[in-house]
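Look at TrEMBL and you will find Lys483, Tyr707 tagged as active site, proton acceptor. Taken from TrEMBL, the feature N6-(pyridoxal phosphate)lysine applies to Lys483. Annotated substrate binding site per TrEMBL: Arg581, Met756, in sequence order. Positions annotated as domain 'Alanine racemase C-terminal' by TrEMBL: 686-807.
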Amino acid sequence: MYEITQIIDFLNPIQSHVVNPSSSIDSLAYDSRKLHAGQRGLFFALKGQQDGHKYVADAYRKGVRNFVLSDLNFNISAYTEANFIWVKDTVRALQHVAAMHRSHIHIPVVGITGSNGKTIVKEWLAQLLKADRKVYQSPKSYNSQIGVPISLWHMSNDYDIALIEAGISTVGEMTHLEQIIQPTWGIFTSFGTAHQEGFTSTTVKFEEKWQLFRQVEKIIAPSTHIPENVLGDERIIRWGTQDTAKLRIKNIEQLADSYHVQGCYQGILYSWKVPFTDKGSLENCLTCMLVLLELGYSMEVISERILLLRPLDMRLKLKKGKHNSSIIDDSYSNDLASLNIALDFLNQQNQFKYKKLVLSDFEGEEWTPRFEHKLQNLLMRIDLEELLLVGERFRDFTLSTDAKIQVFESTAALLASYNSLDFSDSVVLIKGARKYHLEELSKRLTQQSHETVMQINLKAIENNLRQYRSKLEPSTKLMAMVKAFSYGSGSFEIANILQFNNVDYLTVAFVDEGSELRRAGVKLPIMVLSPHESTFEDIILYNIEPEIYSIKILKAFIHFLKGKELSAYPIHIKLDTGMHRLGFCESEIDLLLDTLENQSQVKIQSVFSHLVGAGDTHFSSFTQEQIHLYQNMVHRIKSTIGYDFIRHICNTSGIVHHPEAHLDMVRLGIGLYGYDANSGMDLEEISVLKTTITQIKRLPQDETIGYDRKGVLQRDSVIATVKIGYADGYSRRFGNGVGKMLINGKQAPTIGNICMDMCMLDITGIEAQEGDEVVVFPDLLEAAHQIGTIPYELLTGISSRVKRIYYYE
Ligand SMILES: *Cc1c(COP(=O)(O)O)cnc(C)c1O
């Protein structure tokens, strides 16, 4: 641990304010939402999309007493117990502090970069080495300008080797990462055209990545990914088919379930099996093998360990569990850094009363007092109801906590006690090292359903939110539309992530949707779009704010509130400026104001309207008229009411095309979910609907497929049946070749009519097997267009019986 004075000496700041010079630092932090009581972190106020100085108060409240700021005018008078350091650039300061820590470490540090395969190579190497070495690795894909310094912080001389991943998006970044990581060896996994945006040419991109290896002794790489002009670098150790490759590949044979490889290393010919069938995995495997050879492992040991490698699904998954529970499955690896990330994610989940953790022992990790102390600190941060520990070494582990603790010597022992365990009303994090196979527990806890699933990427939501926020003034509020089951993608799962990212409001269509969010612990203000009188009880009970769209509903609500003796209840006035759906027209404003003036039961929280064609230039002048009319009506309301309220009119396309109308708040809908056709933004589609092939048939010409003999075979064909039908939301209009699904990278048209629970695809000429994965909408916009609808309808039409699986990667 470092003391703050050491950090100050090292950073050489512009200015500092020290009240407690012996204050010690146990972690680096920049996100106040992820802080936990008792953490003695050093908080860096970073300036990105949001200004980190805004979160100093929150961090201080949570106990942080050491801060690094860049804003010299920041008023620190309220923080009497804290030390402050001012620097020019807080990101660089964070990096410098990590670099300082790194320079105290004397173990070999392997820096890994490349266009693809960085994370896989890092994870596989860790798996291969952990049988006999203590391996420190950067978690998941913490490979950025901020991720790398954070991920290095827990590295220590207790380990035998460290594996650190570095990723860049533009010129100049690798030099910074190199100075932090200070690698002794390098691995270059591959070079391709992915993530090209930040670079003027491929040469520039290559040279930038290569900066990581400025000081290394050895660089391990595949021959084919190294440009000619660099090959002369004597530090490069390659595998490939050329004579000059140190691991020289003589022959590769593809078998049904693996590759059989022959190759030469130091004059000896070997042959071995690689347990994968795709080229990317083969390449990554050979890179890992060469690293192990260079570390002195024998080919015998290596070829045995290679067989145990599995494709990695490294994503943290959130699934619906049995008995009213959510299961977070993260059972492919376990180390302190990735446990930390998973615990953060557990902490964000408020949908059930209890939080429980199933934790396996750590592979390749010695239980030093320091390690044990760190583990205790991590576990104490979270309010756990129950802790199930798997592994012998937990027998002597103590933790002062209120959680109920049980220790099992193995996963088998845990599963044997399965019937006596209770996971109901809980969010359960299952976190385990690969060899413990805790996914077996996750399988038993999650609900089985037919094999059609919708995968939802929660990180993509964060990305899309960030994109839209960057279009807003910092003071403009953001309301996120989560109506219709969040446009088909989930309820509290989405709301939790939005709440964590500090959106200002959520909007649902019906009171039931809002009450479900409240029961799942969502605290944000919630507006409901079309409340009915019969739901007023629930509106009050769940603290939901109604949209008021007519005099009738306004009077009814006021009357209801009177009966409850409530006053100043927040409401949202909807104005009709051209949509002609719900809302007060201009001619009704006087009556509205009369009704409002003589009462104290409701208070206007916001006044809003809705644009009918904000994304379409044909309607530019109509949109302007709507905005103008809205402004006039707002003016009348305001001058009579005499107090301030929030004004908003922009939906997703309004945000992009009418920045002049952002007003006090915007309402973000479809864009959050990744569909905003002509926004020119870098959005990610958050969901993928997938199914699997149930059966494959080879049928001769002239046979017919499905009901009413609609699908007539024009040639001998191969037909696949997949488990999705119109009851799942795959419209009958997609039948007879209109819809196309993606199988192993190829498009396959539907054939015949769509059935209720299934449909058939013509896969003639496509290599596929029963059980293969099928992407239902390879291009959602195109699919919507084909049946004359819009993405909104396709997304919200996907039936609730289709299981949703959430990823946070
Ligand atoms: C659904 C809805 C939105 C969001 O629209 P998008 O086009 O999805 O951004 C905004 N405001 C109101 C009133 C809505 O009903």
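Positions of Cβ are set from backbone N, Cα and C atoms, glycine also.
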Q: Calculate the distance in Å between the alpha carbons (Cα) of Tyr707 (active site, proton acceptor) and Met756 (substrate binding site), and round it to a whole number.
A: 11
Q | Cα separation, Lys483 (active site, proton acceptor) to Met756 (substrate binding site) (Å, whole number) | A | 26
Q. Same-chain residues six or more away whose CB lies under 8 A from the CB of Arg581 (substrate binding site)?
A. His610
Q. Of all the recorded positions here, Lys483, Tyr707, Met756, which one's CB has the most other CB atoms within 10 A?
A. Lys483
Q: Please list, for the domain 'Alanine racemase C-terminal' (686-807), how many residues fall into helix, strand and coil according to DSSP.
A: 22 helix, 44 strand, 56 coil
